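Trainee: Below are the structure tokens for one structure; questions will follow.
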Amino acid sequence: MTTESTSESKTKTETETETETEQRNDLSNSSNSSEDASCPGSSPVSTESDPDNDDTSVSANTIVRQYIESAAESVGALWPIHSFVTANPLSGFEDQPFHKAVAAGATRFGGDGYPDSDVFEHAWKTGQINQEILKKTLDEYETDHTPASAIAAIDSGTQATSGRDTGVRMGTGVDDEINNWDEIDKRVIKWLSAFLDAGSAEWEMPNRGSGFYTAFQSVATYDTMIPDTDLIEDPPADPIDAVSTVLASYPRSQWSEIIEAQITALPGWTGLICYRTENETAWQTAYPITLVGYLAARMMLADALSIPLDSISRPAHSVTSTEESTADIETYPLQEIILIAWERTYREELIEQIADTADNHKHEHDHDHDADKTIGDDVEPQADSRSSSVRPDAQLVFCIDTRSEIIRRHIESTGQYETYGYAGFFGIPMRYRGYDDAVSIDACPPIVDAQHRISESAKHADENKTPNGQYNSRYERIRDIYDAGIDIVDSLASNVTTAFNFVETTGSGYGVGLALRTLFPQRVYDILTRIENRLPRIDVISQPQLNTATGEVNQYSHNETDGSHSEDVLPYGLTHQERVEYAASAFELMGLKTFGRVVGFIGHASQTANNPFGSSLDCGACAGNAGGPSARVLAQICNDDAVKTSLRDRGIDIPVDTVFIAGEHTTTTDKITLYTEAIPDSHQDDIRSLQADLSIAQEDAAAERLESLSGDTTVDAIQDIERRAADWAETRPEWGLAGNAGFVIGPRRLTDDVDLEGRVFLHSYDWQQDETGSALESILTGPLIVTQWINAQYYFATVDTAVYGSGSKVTQNPVGNVGIYQGNGGDLMRGLPVQSVRKSTDNLYHQPIRLSTVVHAPVSKVTHALADLESVTELLDNNWISLTVIDPTRENDAFHYVKGLKWLPHGEGYKHDATECISPQINQTVSSSSD
């Protein structure tokens, strides 16, 4: 890629220039932090002075940097569209109670934080909000409302907060200045989009290698949209000095508000800048940009346009009475209270289903436990089996993704199969490069740093002497031709300048292609499938190279630096001990102790056409990438005889006839592709039987999902979902994770008889095999956090698709391979499109409720795990998620997390209507406050 050569030739980055100048000019402060620290997740800048104090002994640059860092906390990172991560758009406010966070979001971004009255009314009338639960919740929060009057109050806009306090309508008072704001935005956006382009532009912005601040100066002087370019021609060398110079005209008491307003004016673009600085990609190394440089450009533009910064101290967004700030008193908006009742209604149903299933299995499980002991002293009882005394036909491990719940249920119904749930990166934090990929990807959650580099290479290098070599040659010829065509089309289609006249300039040939995709998408799918089938499967021609020798890399990975990551110093491959640890961790977290003849790790990916948000449908645990590579790596590890030997020393005895395979579940079509090249002849019948049953499961799952997509049960389900996958005009190829509402952590037997409607994340866990609680802690700090991100993204994209989502797909345009905007310009959109959450304009599909988590374990064990997990308890205490424990040591009784590591027994209410709660860590009953 272009970034490689640019990165090597670049002599001085913007960050280096800014840091050196700061050290020269800011001698009064000992901190040498770079501007990258102003984004969330970076090290904070320590200060000893109050920045709001006008004491001039405190360096202006120091104060500016503090304010930038503080403002950046409210703008979460925005991942590029090619690897879009569904994250919480209000992640910067998770240290606040939910109702205060949405009020802050309304003030800063103008976004609605709660469903509107029509949504609540529909949920109430359809039973999604139970009337009795709503009544109890309204009483609990001390309102004067009945259920009917509460819904009516929202509809009329006369809501009151809890505690019988009414709010005061707030406004920003800056409506007259909205044009000034737009004048700055449209100029800075023009140069941001040019600078941050990730390979789609035919002509690059000049001087990008010098950094955004310098590049902006070089072009702004020729920008006819800027009336007074003299103010930009000779600015300070360091952008921090430029910011301080502009701010010097204002009292220091106003600096914080001015900086926050400028940083949050375009949260999409600033979120992308934060992503770049936090992840230090090759694009960032080659073309550096910081929030300080961006802020300097904005402020210089305001100066050149003669726009006073104190007149645009906040975006022109009004804040409704339902989202007012409650900073001084602990009150709850009525929407919050009704939302809680909605969530409790769902949670009650989920807990009842799980508890009933747990009770039904209890005696069966006890019987199986005794039966297992008679099989042999070396056989452990298996918690996740329907019948542990019968060896399963196969065991399949899926991602915890809600879409896996549907296919798992249908697979289990076709035979003696066991399915498990595990994070879709299968516990291996790697940077992965496929056999024919030009760049590598981080195949791990965004909250986890990659630890290893793994690349694929050809199984047989001598293509003239081996069948696999012939496969490689044919594969590469076809793939090169295909990729060349795709690159040309993508370059034209994704460039704003060329997109609108693309079809005209490419002539009738492309028009025929568009017509075929529009009129005959099923035929197109069939043709593409036949072409794909002529190519050898990737597992036939290549395999992941796990050896630590750096020489074993593919033809594309001869450089340490690739097009996606800079100066990559990650070690190649995995040591033997690392392989053992990753395999053992997977089995221990899932509670998998006994094995069938075939054990499969099934990643997942999507298949869509003309979909900028396609990566949002891929595996979130793989950072918006396909999960197949992660599955292949873990399967290869587990088939290693040396690894199996070491696992036996740890009490994990894998039978000699157990074979591990990998696969990939295409969630759009529910097709599961198995990678079976390494399967011995002795297991071919097992594989054929499994593949036949997977085809049956696909048909059943497709029929179930199609009903929710179209409601038409008369069409062929397989044909229709294949059409959706190939139809370039299809705005809703699948629902993705829409509908997600719950997360169950426990053995499959809790839910195997329950239709969870594809709304629940399922992570396998056996508390009896987790003596130290470390497995539970790993699940709570990893998968739970990721699912909360996903849930929050869907929630906010549903309640305000214009601010927290991305509006309609029909009017979206891609920008420089980094994002999308509505129409022909503006801020980068930060969330999912309306088609991902709504059936129609007036008909929601996704129910906007927060995540209800259920853990099957002793409440004391969960309390112990939470005690040191501040990041998790913060989400719980601030009502971003809820937690219920089903305690198997107490006859599967349920306990709801209250606050401060305290619990209330199910049936005794949740908070205010209960007089006592238990504190398991001290094994006694203690008095609890009402909150």
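Count begins at 1; order follows the chain as displayed.
Glycine is no exception: its Cβ is also placed from the backbone N, Cα and C atoms.
According to Swiss-Prot, the protein carries these features:
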- 1-57: region 'Disordered' (REGION)
- 7-25: compositional bias 'Basic and acidic residues' (COMPBIAS)
- 360-390: region 'Disordered' (REGION)
- 360-376: compositional bias 'Basic and acidic residues' (COMPBIAS)
- CYS399, ASP401, HIS604, CYS619: Zn(2+) binding site (BINDING)
Trainee: Specify the secondary structure state of CYS619 (Zn(2+) binding site) as given by DSSP, simplified to three classes.
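Mentor: Strand, per DSSP.
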Trainee: Inside 8 A of the center formed by the CB atoms of CYS399, ASP401, HIS604, CYS619, which other residues of the chain have their CB, for the recorded Zn(2+) site?
Mentor: PHE398, ILE400, ARG403, SER404, GLY424, GLY603, ALA605, ASP618, GLY620, ALA621, CYS622, GLY627, HIS665, THR667
Trainee: Per DSSP, to which secondary structure element type does CYS399 (Zn(2+) binding site) belong, with helix, strand and coil as the options?
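Mentor: Reduced to three states, the DSSP call for CYS399 (Zn(2+) binding site) is strand.
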Trainee: If one looks at the chain holding CYS399 (Zn(2+) binding site), which residues at least 6 apart in sequence have a CB under 8 angstroms from its CB?
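Mentor: Spatial neighbours, sequence-distant, of CYS399 (Zn(2+) binding site): GLY421, TYR422, ALA423, GLY424, ILE602, GLY603, HIS604, CYS619, ALA621, GLY627, HIS665.
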Trainee: Could you say whether, by DSSP, HIS604 (Zn(2+) binding site) belongs to a helix, a strand or a coil region?
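Mentor: Looking at the DSSP assignment, HIS604 (Zn(2+) binding site) belongs to a strand.
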Trainee: What are the non-local neighbours of ASP401 (Zn(2+) binding site), defined as same-chain residues 6+ apart in sequence with CB under 8 A from its CB?
Mentor: GLY424, HIS604, CYS619, GLY620, THR667, LEU737, PHE761
Trainee: Please give me the CB contact count at 10 A for CYS619 (Zn(2+) binding site), counting all chains in the structure.
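Mentor: There are 28 of them.
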Trainee: Among all the protein chains here, how many other CB atoms are within 10 A of the CB of HIS604 (Zn(2+) binding site)?
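Mentor: If we count other Cβ atoms within 10 Å of HIS604 (Zn(2+) binding site), we arrive at 26.
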